[in-house]
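Novice: Here it is, the structure, as structure tokens.
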Amino acid sequence: MLRWIRQQLGFDPPHQSDTRTVYIANRFPQHGHYVPQRFADNRIISSKYTIWNFVPKNLFEQFRRIANFYFLIIFLVQLMIDTPTSPVTSGLPLFFVITVTAIKQGYEDWLRHKADNEVNGAPVFVVRSGSLVQTRSKNIRVGDIVRVAKDETFPVDLVLLSSDRIEGTCHITTTSLDGETNLKTHYSVPETLVSRSVSRLESLHAVVECQQEALLLHCLLIYHFLIRPLGPENLLLRGARLKNTKEIFGVAVYTGMESKMALNYKCKSQKRSAVEKSMNTFLLIYLGILLFEAVLSTILKYAWQAENKWDEPFYNQKTEQERNSSQILKFISDFLAFLVLYNFIIPISLYVTVEMQKFLGSFFIGWDLDLYHEESNQMAQVNTSDLNEELGQVEYVFTDKTGTLTENEMLFRECSINGVKYQEINGKLVPEGMTDDSLDGSSPRLSCEELLFLKAVSLCHTVQISYEQPGDGPGDPFSHANGFSSQMEYYASSPDEKALVEATKRYPGGYTDLPLFHRYKLLHILEFDANRRRMSVILQTPSGSLLIPPPQKGLRTLVVACRHFSAEEYVEVDRLLHEACTALQQREERLAEVFSFIEKDLELLGATAVEDKLQEKVQETIEALRLAGIKVWVLTGDKHETAVSVSLSCGHFHRTMNILELVQQKSDNECAEQPLQDLEMLLTEPLLGCPGCVFRVVVMLHPDHVIQHGLVVDGASLSLALRGHEKLFMEVCKNCSAVLCCRMAPLQKAKVVRLLKTSPEKPITLAIGDGANDVSMIQEAHVGIGIMGKEGRQAVRNSDYAIARFKFLSKLLLVHGHFYYIRIATLVQYFFYKNVCFITPQFLYQFVCLFSQQTLYDSVYLTLYNICFTSLPILIYSLFEQLVHPHVLQSKPALYRDISRNSLLSFKTFLYWTLLGFCHAFVFFFGSYILMGEDTSLMGNGQMFGNWTFGTLVFTVMVITVTLKLALETHFWTWMNHFVTWGSIAFYFIFSLFYGGIIWPFLHTQDMYFVFVQLLSSGSAWFAIVIIITTCLFPDIIKKVFYRHLQPTSTQKSQVGYLGPGGVCLPTRHPPSKVAVNKLHSAETGNAWRSHPQHGTFTQ
């Protein structure tokens, strides 16, 4: 704790230089003057609070809300001066609101702590004191030697020291980081690869020098007097998984929140929805109304006292001290007293009701079986319920590609050999137009071209094979060939290669003339690079000749070709490759020249078609989002060709679009002046390209067709385009129907999201992804959604919501988002309305009592109005209301547009509800005053109509009217709506009879004793109640009927169109138990639990 405090105060920074020196196995030098550097521990923290800072930090965040801070001030004022009402009337609701909100936020953060503890408490093995010791992940220190076994996840960023392989290599997958399942090969340096035992590792005297941040990797391994440069191929990143390698040893260089995975995360910031921002704006307006009423009342009070005709009553005569006190202090004291009297116009219970609505409503997402994925047995998950209504306001969706739109599983579909198209049927390659039955069971004969094509595809790859016996240990590589049972698994650096090898493995059994065993010697691998867009291998065939079959990679198609070398030609090729590989200067350029020399005069063998399988219903989901007015941007780290191909296949790009491409811009000269001019021309000439501009236009439609535009930009070009030209670049993007960003780094994704959400239009953004590289944009967007992928939970843990598949996004937005928004928007407007109804009669009453600060209502009524009498109906409404049936919302995505741009909380709607509240308040007060105020013989015993009876009459009319007003706004009735609506009115009557029928000894006064009974005993009072309520609600009924039948909105038309006879909607079911969830999912659709748990009927 002391160290943390010193670091926070700047006295003890954790790092003193720009580089870190890591002593392997923490074998520090013996010099006495050496002071070890201090590094972060290995804990990953995604939570917001700790047990130490929860109370102060949560209170600080809650009192940032205007209403909470305002009521705190009011409470303090009531404690300091003599006010018309008790401090309990403000303090109790404030305490209730703060407590409920703190419990809700504490529970959500406890879930984050629980997830963090699972990661931080994972068991790991480290080398300490000459032995292998098991410890927890959070206890790993920089410099520790860590052992990672096959299929385990790397707990820290490691520099690879050795592996069980003689060559010191290992294979990993980074699915949890970038969604890619490709196998990647990493290497240890020659000086450490022989240290494969604990004893040799413990005696290793070496130092790793690297930068303080893992985002830029420039490392050196210092071994005795030898300095060895280290690169990304030597670093094993946290979150990646070891594959096809028994075990590795590595030294921890970056731990915890300093690892590359953690640095790609944004710092957490409190996300606030558009509804909450509107609430704060409305609260400021109401605060202005409150101040106006308080100032006006204070001025009128002193104006009345200044007139000589008004004599002070004998019981209100002031003392000598009061007469001599400062007039300014008296004015301020009276102003504060009026402020306290009218303070309930600010609805303090609004926030706690909103919190409860969000918390309880979030369970509907997790209970929805339409969002349940049966294969993975995963339900939707809510990590942050504060943003439920934001799901109904999304305008831009930013999505990852690999693992989000696609399954990341490459499948061989067809090929072309010697001009003939083949397809796979029952494990055989069959020419197009033929079927397996037409072969009559005979094995097809292969031509020389077909045989050579299959050999090339089978041999030109870098696929690794793992054999495992059914038991635990690794199997013998020859056991499979000898017929013994073993499990074989392929690992490839490219999913295309894996799909082709798996396909060719299936074919030999169907052909009689394809040799089963041949030995080929691999001489050289010419690795794939983006410029050549190909990978080649040089092989020695059994006949002694040399063969090179290089497939050229394109849009998920591979062109297969070969070239034969004589022995003399190969000697020359081998010499050129050796010279280029060992060159110290311009190595890449020299290798490119050699590759170009080798890969020429090729003989075309054929082509293959490999499909990156899309997730189910991706195309339908994107189309539904487009119809809902939501633009979809794809942000991916994949290469340009693959990204464009997937965008076309999933419907993100239509084939009737013009594709503008801003790619391969590498120099500042290229992307400084001319591109800006081209961008301006694109904007001034409806996004049409010009010769020589930085945008390459791919025309994909007939010239006479209406043009839509899609934009493709890569990461390097984006960085250059955003240097001073952000606004211009964003204008181009926003004028395109679809945008694809490829070769994107994680922080670039977040920057694009931030750039759009901070644009002048302030659109609501949503980011969705499945890998750790998507965490930054998920945290940056207004709403972040994690996909529950096959490996890794970083995106899910750092998201606001988590779903199993991209297709679920449609219902999450179009149905749940729609419901959440209309519910909370009505909740907010209704709260302001009923509080205006509540306090305005209090203000009007001051004109009657000559601004003596006499309260119209009893203190108990003041306290319980928002807590008990009117809170439950609106809470239940905000949980179950449905303007339109869920099936209609999904079948008509355009209805989503009706609620966009926060339309239900616009100033026009806010003004309507506020004026309606003032109108109803005037009717309450003056209706009661006119009908009852002059009746001096109201009571049966001849007593006059008193002050508390008049106030109780106004309060009674108000409670009934505001409750019935909500009933008129309700479209979907459940038994709970009926219960709380009529139950709230009944509870008010029962409570008032009980409260006024007993003498309470702890109360200072008994003003309300028998008041309510006397009120109900008067026929005039009942008559007044009926007349006033009818007067208030009759215009609402007329308006509702008029607009529904004469000027219906599209939403109202959809309501009418879906309802059956009598306006009764098909009921939905109650939430299932955990045991029954699988059974319910397989049940008929009408019998499964869907969005919202109730039986109910629609009303028009």
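Note: Cβ is positioned from N, Cα and C throughout, glycine not excepted.
TrEMBL: automatically predicted annotations, no manual curation.
Annotations per TrEMBL:
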type	residues	note
DOMAIN	36-90	domain 'P-type ATPase N-terminal'
TRANSMEM	66-81	transmembrane segment
TRANSMEM	281-304	transmembrane segment
TRANSMEM	335-354	transmembrane segment
BINDING	ASP400, LYS401, THR402, GLU497, PHE528, ARG556, THR636, GLY637, ASP638, ARG743, LYS749, ASN773, ASP774	ATP binding site
BINDING	ASP400, THR402, ASP770, ASP774	Mg(2+) binding site
ACT_SITE	ASP400	active site, 4-aspartylphosphate intermediate
DOMAIN	796-1049	domain 'P-type ATPase C-terminal'
TRANSMEM	812-833	transmembrane segment
TRANSMEM	910-932	transmembrane segment
TRANSMEM	944-967	transmembrane segment
TRANSMEM	979-1003	transmembrane segment
TRANSMEM	1009-1034	transmembrane segment
Novice: Any idea what DSSP makes of ASP774 (ATP binding site), helix, strand or coil?
Specialist: helix
Novice: I'd like the number of other C-beta atoms within 10 A of the C-beta of ASP638 (ATP binding site), please.
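Specialist: A 10 Å sphere around the Cβ of ASP638 (ATP binding site) contains 22 other Cβ atoms.
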Novice: Quick one: find which recorded stretch in 281-304, 335-354, 812-833, 944-967, 1009-1034 has the most Cβ pairs under 8 Å with the transmembrane segment (979-1003).
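Specialist: Looking only at 281-304, 335-354, 812-833, 944-967, 1009-1034, the most contacts with the transmembrane segment (979-1003) come from 1009-1034.
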Novice: Roughly how many Å separate the Cα of ASP638 (ATP binding site) from that of ASP770 (Mg(2+) binding site), to the nearest whole number?
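Specialist: Between the alpha carbons of ASP638 (ATP binding site) and ASP770 (Mg(2+) binding site) there are 14 Å.
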Novice: Do we see three or more Cβ pairs under 8 Å linking the transmembrane segment (66-81) and the transmembrane segment (335-354), pairs being at least 6 apart in sequence?
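Specialist: As far as Cβ distances go (cut-off 8 Å, pairs 6 or more apart), the transmembrane segment (66-81) and the transmembrane segment (335-354) touch.
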Novice: What is the Cβ neighbour count of ASP774 (ATP binding site) at a 10 Å cut-off, with all protein chains included?
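Specialist: ASP774 (ATP binding site) is surrounded by 35 other Cβ atoms within 10 Å.
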Novice: Could you check what DSSP calls THR636 (ATP binding site) once collapsed to helix, strand or coil?
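Specialist: It is coil.
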Novice: Cβ under 8 Å to the transmembrane segment (281-304), counting only same-chain residues 6 or more beyond its ends: which ones?
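Specialist: Residues 66-67, 70, 310, 331, 334-335, 338-339, 341-343, 345-346, 828, 832, 835, 843, 846-847, 850-851, 910 contact the transmembrane segment (281-304) from elsewhere in the chain.
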Novice: Distance between THR636 (ATP binding site) and ASP770 (Mg(2+) binding site) at the Cα atoms, whole Å?
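Specialist: On Cα coordinates alone, these residues lie 11 Å apart.
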Novice: Take the transmembrane segment (1009-1034) and find every residue of the same chain, 6 or more past its ends, with a Cβ under 8 Å from one of its Cβ atoms.
Specialist: 919-920, 923-924, 927-928, 931-932, 935, 938-940, 943, 946, 948-949, 952-953, 956-957, 960-961, 964-965, 968, 992-993, 995-999
Novice: Quick one: what's DSSP say for PHE528 (ATP binding site), helix, strand or coil?
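Specialist: In the DSSP reduction, PHE528 (ATP binding site) maps to strand.
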Novice: In sequence order, which residues at least six apart in the same chain have a CB under 8 Å from the CB of LYS749 (ATP binding site)?
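Specialist: For LYS749 (ATP binding site), the qualifying residues are PHE398, LEU635, CYS741, ALA767, ASN773, ASP774, SER776, MET777.
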Novice: Taking the binding-site residues one at a time (ASP400, ASP770), which has its Cβ surrounded by the most other Cβ atoms within 10 Å?
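Specialist: Highest number of other Cβ atoms within 10 Å: ASP770.
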